[in-house]
Amino acid sequence: MTLWVLGLNHQTAPMELRERASFVGDALPRALDSLRNLPNVNEAALLSTCNRTELYAETTNAQMLLNWLEQHRPGLQNHLYQYSDAAAVRHLFRVATGLDSMVLGESQILGQVKDSWSMARTHGTLGNTLDRLFQHSFSVAKHARTNTRIGTNPVSIASTAVRLAQDAFSPLNESTVLLIGTGETIQLAAKHLSEGRVQRLLIANRTHAKAQMLASQHGGYALPLTELNLHLAEADIIFSATAAPTPIVTQSNVESALHIRKRKPMLLFDLAIPRDIETEVGTLTDAYLYTIDDLERAVEENRRSRREAAETAEAIIELQVKRYMDTLQAHAHQAPLRRLRTFGTTTRDELLTRARQQLANGRPAGEVLEQLAHGLTNRLLHPPTAALREAALANNTELVRAAEQLFPEKPGYHHPTLQTTIVKTDETDPAS
């Protein structure tokens, strides 16, 4: 059986294709049930997020997995990557650590990998191999994130702005934040702010229904954009990212708000292009304005820091891949060793029981011991001897060389001529 991963992600497929490839809601457990019924597939797990869909499986037939994927999500073949064994292990470790993410080092993916593992366990498609692999990936991700700065600095405009706001108004649970717009940047800011337990969140948008929807998701209050100036003075922090062609927050608006606030400072983040906030706002006393250019410099510094941390994380992963594969190989070798030991102990017990019975029947101890010794020798040595003879005839030097390593010839020692000794007994010894 070989470990395989088949998948696509943001690097190999556009958004519309990733959406079509995903397994969400009830589709995921149904897919796992289908995979469980495939012949020659021992184990399987599905990782499906907005940026990737990946199938992990232990199987002897990778083509069967490709056929299954084509049947359930047609049209993906030209966008798929596939890895096996050590490459598959390395890929999962990189995914769990955030090194394969659209945002380098993001931590959300680790939770999604854990969800994938949990779902596969629940539906009975996870066995020892994938269970051990996924759990090891969790440890690797934790180790990499603990020992590097791969996830410490924000690398999106929105998250960097929120981090600056937290530094300026700590804690946020004593601050009122006003969000203007409901696009992707504002949605991300709202997510980070709600995680920071902001005291009060106001959301203003031209389409009031969209503001209400975003507000309901994060415990905020929706405002029509026409009432924006009525609420400016309430805001300690403002994030704005709309598609307006001209500024919607003017110098005079902010000046009036500062007057009402009795000069209590305001922090403003203009995350829009073209600008939502007049540049003159930055000249006002007690108003601190950050634009995308200001934030981009901080973001690029953070990205550089993460790239440096990623190099260290990659080295950690390479070491962990080697350790994991060594462990896997050791486990693979344990099965024949267990069979060998079982064969030896079973043979010993069987012949020892017979010897005791013969002694109880009054047979001379010397004869019984001699038969026991010869029986053990013949029974234990017959399988390897026959295998070595066949290997020699087939020119299988690998097996012969292994035997030479196990039983090296000592200096001055000469092998006696191979003879078969038959000990006459009251009954025929099946081991002879």
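Each Cβ is built from the backbone N, Cα and C atoms, and glycine gets one as well.
In Swiss-Prot this protein carries:
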type	residues	note
ACT_SITE	CYS50	active site, nucleophile
BINDING	THR49, CYS50, ASN51, ARG52, SER101, GLU106, SER107, GLN108, GLN112	substrate binding site
BINDING	GLY181, THR182, GLY183, GLU184, THR185, ILE186	NADP(+) binding site
SITE	HIS91	site 'Important for activity'
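Known features from Swiss-Prot, placed on the structure.
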{"residue": "THR49", "record": "substrate binding site", "Cβ contacts under 8 Å, 6 or more apart": "SER22, ILE109, GLN112"}
{"residue": "CYS50", "record": "active site, nucleophile", "Cβ contacts under 8 Å, 6 or more apart": "ARG18, GLU19, SER22"}
{"residue": "HIS91", "record": "site 'Important for activity'", "Cβ contacts under 8 Å, 6 or more apart": "VAL5, TYR83, ASP100"}
{"residue": "SER101", "record": "substrate binding site", "Cβ contacts under 8 Å, 6 or more apart": "ASN51, VAL95, ILE109"}
{"residue": "SER107", "record": "substrate binding site", "Cβ contacts under 8 Å, 6 or more apart": "GLY98, ARG145, GLY151"}
{"residue": "GLY181", "record": "NADP(+) binding site", "Cβ contacts under 8 Å, 6 or more apart": "ALA204, ASN205, SER240, ALA241, THR242, ALA243, ALA272, ASP276"}
{"residue": "THR182", "record": "NADP(+) binding site", "Cβ contacts under 8 Å, 6 or more apart": "ILE203, ASN205, THR207, LYS210, ALA211, MET213, LEU214"}
{"residue": "THR185", "record": "NADP(+) binding site", "Cβ contacts under 8 Å, 6 or more apart": "ILE157, ALA158, ALA241, LEU271"}
{"residue": "ILE186", "record": "NADP(+) binding site", "Cβ contacts under 8 Å, 6 or more apart": "ALA158, LEU179, ILE180, ILE203, LEU214, PHE239, ALA241, LEU271"}
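Residue environment of GLU184 (NADP(+) binding site) contains 11 other Cβ atoms, counted within 10 Å of its Cβ in all protein chains.
When secondary structure is read from DSSP and collapsed to three states, SER101 (substrate binding site) falls in the coil class.
For GLY183 (NADP(+) binding site), the same-chain residues lying six or more positions away in sequence with a CB closer than 8 A to its CB are ALA241, THR242, ALA243. In the shown protein chains, 20 other C-beta atoms lie within 10 A of the C-beta of ASN51 (substrate binding site). Once the Cα atoms of THR49, CYS50, ASN51, ARG52, SER101, GLU106, SER107, GLN108, GLN112, the listed binders of substrate, are compared pairwise, the greatest separation found is 15 Å. Look at ASN51 (substrate binding site): DSSP puts it in coil.
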